[in-house]
Each structure stands twice: as structure tokens, then as C-alpha cells.
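To start, the structure itself, in C-alpha cells.
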Amino acid sequence: MLPLELCYCNTRNRCIDLSEMKQPPTIVKQSVKDYIVDPRDNIIIECEAKGNPVPTFSWRRNGKFFNIGKDPRVTMRKRSGTLEIGFRSGGRPEDYEGEYQCFATNDLGVALSNKILLRVSKAPLWPKEVLEPVVVTEGTPLVLACNPPPGLPPPFTFWMNSAMTPIPQDKRVSMGLNGDLYFSNVLIKDAHTDYCCNARFLFTHTIQQKNPFTLKVLTIAESTPTFLSPSGTESSKMVLRDEQLLLECIAAGLPTPTIKWFKKGGDLPGRKVKFDNYNKTLKIINVSEEDAGEYVCMANNHLGSIRHSIFVQVKAAPYWLDKPSNLVLAPEENGRLVCRANGNPKPIIEWLINGQPIESTPHSPSRQVLGDTILFRSVQMGSSAVYQCNASNQHGYLLANAFVSVLDMLPRMLGPKNQLIKVIVNNRTFLDCPFFGSPLFKNGQGSGLDGGHYRVYINGTLEIKRARAEDEGTYTCVANSMLGKAENQVRLEVKEPTRIVRVPEHRSAVRGSLAHFDCKVKSDPSLPITVAWSKDDKPLSLDCTVCMSMVVLIPCFYADRPDAPVELDLSDPTARSVRLTWIPENDHRSPVTGQYTLYMHPGRWQNLSTYPGDLNSVILQLAPYANYQFRIIAINAVGQSQPSRPSPRYLSNGAAPDAIPRGLRGWGSKKDNMEITWEPLLNLERNGPNLHYSVWWRRNDLGEGWSNVTTVESKHVIHNTETYMPYEIKVQARNEFGQGPESNVVVGYSGEDKPTDAPTDLQVSKVDSTKANLHWKPVDLSSVQGEFKEYRLYYWRESSLVPGLVVSKEKKTKGFYSIVAEPSGILSDLVPFSKYKMFLVVANNRFEGPPSNTVDITTKEGVPDAPKFFRINRRTFDTIHLEWDKPLEPNGILIGYQLKYQTGELVGRPQLETLPPNVTTFTLRMPDRSTRYKFYLSALTQVGSGEVYAEEKALTVCLLSSLLPCVCVCVLCVPPAYIDQVDIATQGWFIGLMCAIALIILILLIVCFIKRSRGGKYPVRDKKDLPLDPVDQKDQDGSFDYHSDEDNKPLQGSQTSLDGNVKESDDSLVDYGEGGDGQFNEDGSFIGQYTVKKDKDETEGNESSEATSPVNAIYSLA
């Protein structure tokens, strides 16, 4: 994949601008899916995206377009999609609860955020109640109910007395997961008058207290254990994968019962299990599918015991197996997007393009959807888009954005030119060649360097595994594509290392005599060399008695790596260990600080263990039935020695397997079989030859004996089974030395078949504009022939009751999980004023059953959606022209439109206009040209007014012209005024600036008049030679007619350079040869350009005059 940063910086911090490269939008920051906010703070919903062009942002709330402009409390940050909702001027945060989704859009596509469920934290008060004293007999159980008020998020509960001291808890007295206080048995000492339950709300940092309980205790004898929570002998629990499983058992009895936990048919997962609350709570973190099964808690005292079984079912929200990633392609290139996810039940994969379902977008011959994969063949320019993959099941969803960008760019080298790299001979060397371009191209060198001790990486880097003298030279990196090529050169110099080839030797000399110490150094001849000597680790000072050169008069000491140990010997063999002994060698004046052992198995040297430096004999722990060789490496402060010579070979004794095959499961690949699979043992776990597996199975519901088979494979298939029957299975590894431990018993199921029965008597009641209640008669669960997954409703929009409105008949589904005798459900998100058809099927994990009866319904008329668009154009100075289109979904028969408007300061009563349904334009005459106006437009049906489309516009125009032949026109266009911004025309600094500009223009006009009266020359054409262009003609009322060919392009001013020349820009008014309409865009911007068409010859002949003209400078500022 090509890099998509807008600026590449190389190692010399030289940045290369890539800003001209187009990039679809990508979401880089967003709020969490379940977003709880503090009601005392402003609400901030984050949405940040990158892209080129810079993306624009919009929001949906509860599935509908969220018009930010009509709500003064809601603002959007500049160059961002982050919403800020403030409440200084009033309002309730609860009014903004709902589901929000952000859309980031540019010319190449639309990226979507997750659906953000916004909820406001709540801390309700505790209901007032009068608590009667609780009278119990000693030895009996007791539960003091807390029942805290439901908050968001739920409060944290704890128990205290009136002195604000926590209630002491132990295995007899403890608080349950629901906040209640449980007494396994009550003692006389428990009689108190101040048992208070407290609820702490995290967001508001408040604590609320329940009225205190008064406890009175009478005396009684001992009792056998009973369960306070949970009740009965069995219960069930469903938990999602990777979440935390909490199981609780609280028992009563005197003496206090002891709680024990175990898993039926296996052991508890030791590394993930934790017991809390005095063994009453079993906690398993990061739950996986293997943790499903029957958990049993047992309570016992000396009078007896009692058990409770909890059946745990592990489901899974969708999780990624292969997340789609961005794809950059060149024209005519192929590619693919892959979106794979897993979950329980298996998630449904849905593809979208720019936020729209892929089925509803125009067909593209270069795109093919194959389930979780989209194939692209021979893509073309203009087919860039952002694709969304939504993987969902009943427990959650995943949403991923991945853009497909089709680029057409020349190759470009990003690294420094003609770089010089110096390396030491025999060292590994990397020559980097960073590049950019589209399509992807390959790097090639003139001599085809790839292979041997050269290796070329896909990013252009050339690796030289061991640099040699003959590798020195100039290397050329060439990047080729169908559009051209680029190249860069790197010069490599290979240098000899500097090393001491003759070390000084110890010498004894008579005082006053000459002592020679030789230190011979070898280095690369092209590099300067400096020799330094030291005495007792201090630099040697030069005087007349010392000759400083390669030969000196003092000893030179240095440390080096130790020599490798020698004479490795093996002794004292046992079943799983052996003693290794060795002789240390010279440490070269640096003590050995550590040693580690290598062993050869299987076929390569691996680190076995590390030992202190003062040892020369250790006992090694070995795996059974393995052929070993050992080596020792010594370590000191300088480094590590070479490995020693290998020890003699040693074959450890064999043994029965210690490991249990992992991942045991049973499942049906066909309706009449069950496949039993497991993971084979690793080589080091075999412990001997002739490894095979013994597999046992039996029907779980018949109480029959075990069947078994022995196999060398890691799979066994049982054929001719009944459909979807439970089996107990287990597996054991064996070899020639014996059998290993058996695995835990696991319950598997044979294959599923198609359900045979269909739901009957499907009926629909209480149909309104968007919802309908469904009722049906259930199927016999035995007819599902598999695990019951859901009742699945298929429904589609047959037609709309609005004449001439074409609708999509795409089938949609909705699942209902219900096993009650009279199942029902609510179907929502229907389109008003439409005819629907639907039928129901029952589904297991693999198949769907036959359909039920088909039902027709008709939804009632509703209020219409907002108009498709609402444009405000300014035809003349005092006239505004409004234009709109009918809603995409009228949701009924339109009877008209309702238009309200008033000044932006909200002064006076709003004006109301009711227009017939066939009218989609309106012209308004403005009494005040500089007043801000606010417009509200909505469509009407018999039910009422629909969603309001709100727009606010402002315009301030200053037109100055002289009566002299020196014609000057000053045009000031105020940028789009958003609702939450201050009117710039009323600011003091702005008024002062306009006055200063007007004064300067007046002075220039006076100078112009004086020069003309004196016969001065200046570049102004005579009126008789200045025919107005047809677009410059005036209206009958004397005003200019403004128009623009680029209504939707925002005006950007050019800048004046430091040397006084005007920097030309495509958007500068100096460069426009024609005037243009002043129009409002949909986003509220007002684009108007006013100028007189310049004579081409005159412009070319007076460049310097126009460049320094104050009038031109003012044009540039506009």
C-alpha cells in the first residue's frame, strides 16, 4: 500500500510536499459507541477525519439528517466534525439523547463513524420509605435488600453504619453482586439499629443513603445449608466472549457453610479464575468458548451439603479476523477488499459505499461482491470511494472504513540526492531508496542486483549482507511505472576496520633504562588514525622520557571478550536431567559475569538457561526422548565469547506424554455426522515415538457406554448420527512408553438440518406510520433440528401510496429471539404511507425453515421529510429568490409548504407564507439590504408539518464609484455568517477599517483628478473605447447584474507578496475579466465579483502600474 501522508520527511529533515495527492476521507478520532455524559457539562461528540480535499462533515441523529443550523445550542468546530452542545442559554441535556453518526465527505467519497449512543448520566433520589425493625432467630439466614435507585451508569453500592464505618464482612456476612447484604446465619452480635446501604454515583460524585435497617435477633439451634442466591437447583448464565464472567452462590446455615466451586467434566481454567467475597463469587476474566459448560457450587457444613448448577453459555459479539484496509490502485490495476469477522452467532457482513448500501448504488463492471470480499478489476479514474464493512449479530456490530483511491502520479524519489554512505567491511549494509507514486512500481539497478549477498526489499531498500571491497561504487535506484521513471544514486565506500594487530607485552626493565612497548595498528589507508596511550587508566602525558608513537616506553593494558569454555563433559544422567561440566578459559582481564547454555534441538541452536559466571558445573532439565548437544558462551563486560565446541550427544530417556491435547471440540459438518477435532501435541510434548490419540464419545442423553478409537490424526469423524444430538467426548495422547492424562469431558453436537416446521398464523396489529406489532404461533423446538437461533422476519416495501414515487423492493430481515408460548415482536423503522409484505421463518445456526404465511400491511400517513434542498439566491440588491425541491420521502400526500422568515436578530413576529404543493420558488423583497434573515421551510401533509429546513443569510455590500474617468469599484463580500457567529458588519474594528479604505480611495481619486487636469497620463482607457461586455449591462433600476459560473466555489482572496507585487491567484478579483452574479450557495456563502473587463493589450503594457496600484491591492484583500 502506498503511503498517504501529505508531507514526507527524510533523514535530513527535508520535507517533500505531497499535498497535491488526492485522498478519500478517513475517520481518525471519534467518541465511544456507548457515550455517557455528565449533565453539568457541555456535550462534546468527537468526529475528526483527514483527507484531501479537506472533508466536510454532517451528522445523523436517530437515523435522520441532523440540521445543526436550526439549533442555536449546537455548533461544529472549524475544520472538524466535532459537535459542541452548550446550555448557557438554557435547555436540557436530556433533549439531546439519541444515536448519532458522523459523515465525513470529500470529492472522493464518504467515511462513516460508529453509531454513538449518547445518554445523560442520571443520579435519581432514593425513594422515601419507612423500614420496620427486622426480627429474626439466631442461626437463620437473612437478606437486607438494598434496591438502589437505577442510575446511568449503575451506582456502586456499599454498606455502612451510622458512624460511617463499613459493615464487617466475612464468609458469614457479605454483600452480593446485586448490592444486598446476605447473612448466612444471624448471631446475637448482629443486632444493630443502623445497617445503611449507600449508593455512589460516579459521574456526579454523589452518595445517597437508604434509611437504616434495625435488626433484632432471637436464639435458635444449628441448621443445614440452604442457598440464599441463586434459588433452586439450576440456573443459567449467558456471557459474551472476552468479557468477565461472574457467578455467585450465597448459602445460609449454622455453622456458616463453606463454598466450593468446580466445573463438571473438567477443571476450572486456573490462570483466569479468581475467587472473591470469601469464595462466594467465581470470576473468570477474558471468557472464551472453552469456558462454557456446567459450573457447580457446593455449600457444606458438618450437618450436610447442597449443590447448585449454573449452565454457562458463551456467545460473542463480532470480532475481526481480517479488517479491511485502505487500497490505492492505478488505472487498469486489480485489487480487493476483504472483511472477515467471527462471532456467535456468526455475524452478517454488509457492504456500503459512501454510507449507502452497495446494492442501492449504480452497478460498476469493475467491481464484484463475493460475500466478505470485493474484487476490483481494471479500475478507472473517477472510481475512488470509501467503502464501509458492517459485521453485526444480535450482540453488537463492527464498522470499518476503507477507501479505494485510484491515483495517477509520476514516480518520485523522496530521499536525498547522491548520498555518500561509508561502511566497515563484512558488515551488513542497507541502502535506502524511498519513493512514491501510482501505480506501484519496482526498483531496479543497472546490474540487476537481487540474489547472492544482495537483497532488494519491496520498499526499494537494497541490503548487502556482508559488504566487501568489490562492493564499493555508485548504486542507482530506478523507479519505473507506466507514466515514467525516476532515479537516484547512492555512493558506497567500504572501509577496513581499525584494529590492533600486535599488542604490547609485559616487560621488566632496570630503572633508568629504555623499555620498548610495541602497539601495531592496522586501519584503512584512506582514513586518518590517531594512537593514544594511557597509564593506569589515565591519559599518558608526554615528556622527554616518553616517545609517543607506535612504540612507547610504558605498558598498555586492555580488556577483551573472554575465550570460549573448553572440555564440555556430561555426567550423572537421570530420567529428565544431566550434569554439564566445563573448564573456563582466559577472561582477558575482565571477569566473567555470566554464562548461558545452548542446546541443539531440533536441528538448530536454542538458548536453554543462564548461570552466574563463577560456575563450571550445572544440572540441566531436559525433555524426554530428545537428542541433545550443548554449547557454553561466557560473558564479561566487553561482550560474549564465541560458542564453545559442542558437547557429546545425549539422548534423554523416553516417557509417557505429559500434555493434554488442546482445543477439543465436537461439531457437525453434515446433518448425519460429528467431527471430533483437537490440536496435535508439539514435538517437545511427544516424549517418545509412535505417538497416537485415543478418542472416546457417547450420547449425552442416553446414559450409554463409551465408544472409542485410536488414531494418529488430530481428527475423527463419527458417521450416521442423528441430527443435532449432544455427545460427551474426551481425548488422550499415548506413545510407546505409556498413556498421558485424559482431557476434560466436552459436550459436542452432531450436525444440524433444515427446520421442518414454519411459524403459523402470522398476524400484524397496531400499525401506525413507522411501527407494527407482530404475533405468530411458535414452532415445536424439536422441529428446528439444531440450536434455535431466532425467528427471522423477511419484509420489503412493495410500493408507496404516493402517486409516481418509485421505491426499492430490497428485502430486509429482523430477528426475534423468543421461546415463549405466544411470541411477539415489534417491527420499527417502516416508511409511512407505504405497502409492505412480510413472512417469517425459524432459523438455526446453518439453515432456515419454510416460510410462514405472507402478510400485507399498509402504514399510515406521516409527516414528510425535509425538502431535498433549499437554495437562497440574491437576484438584485433588494430581492431574494428562494428555491427548493420536494422531499425524497413525502410520507403522504403533500398539501403544501410552510415558509417562515424573520430577521436574524429575531426581532418582531415571524412572517408566515403557506404555498401550494406545486410551487417550489418564492421571491422576497427586502426593505433593508444589510439585514440578516433567517428562513424556515417545511413540507405539509394532512398529519402535519414535517422536518424543518433552516437557513440564515447575511450580506453587506459597499459600492463606491467616482464620476471621473478614473473608474474605481470597491466590493466587499462578507463571508458566510453562521448562526453562532457575531455579525462582522457591527464590529468597531471592521467599521474603522472600511472608513480607512474609503479615505484612501478618496485621496487616490483626488490625485487622479489633479493628474488628469494637468495632462498627466495614466492607464485608463477612454469611455468611448470601453464598450461594456454584455454581462456588464445594468438593470433597469440602475443596479449591476451579478452572475458567476462557479456558484458552489467559495471565494478565496489572493495575498500581496513582500516586494509589493500582487501574487496572482485563480480566485483574485484582479484576474477576473468578467463580472459575476452574487448568489447564495446552499451553505450560506455569498459569492459576488465586481470588475470592469480589462483590455488585454493595455493590461500587458502596464503590468508594473497595476501591480502597485492600491485599487488592485484592495481587490486582492476582498
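Just so you know, the numbers here start at 1 and follow the chain as drawn.
Note that Cβ sites are derived from N, Cα and C of the backbone, with glycine treated the same way.
Predicted automatically and left uncurated, TrEMBL annotations should be read as such.
TrEMBL lists 1022-1049 with the feature compositional bias 'Basic and acidic residues'. Annotated domain 'Ig-like' per TrEMBL: 25-113, 127-214, 225-313, 318-405, in sequence order. What TrEMBL records for 564-654, 660-753, 758-862, 866-960 is domain 'Fibronectin type-III'. Sequence annotations record features per position, and here TrEMBL assigns region 'Disordered' to 1022-1118. Marked as transmembrane segment by TrEMBL: 989-1010.
Per DSSP, the domain 'Ig-like' (127-214) is made up of 3 helix, 32 strand, 53 coil. Taking the domain 'Ig-like' (318-405) as a whole, pLDDT averages 89 in the prediction.
With helix defined as DSSP H, G or I and strand as E or B, the domain 'Fibronectin type-III' (564-654) counts 0 helix, 44 strand, 47 coil.
DSSP assignment over the domain 'Ig-like' (25-113) gives 7 helix, 46 strand, 36 coil.
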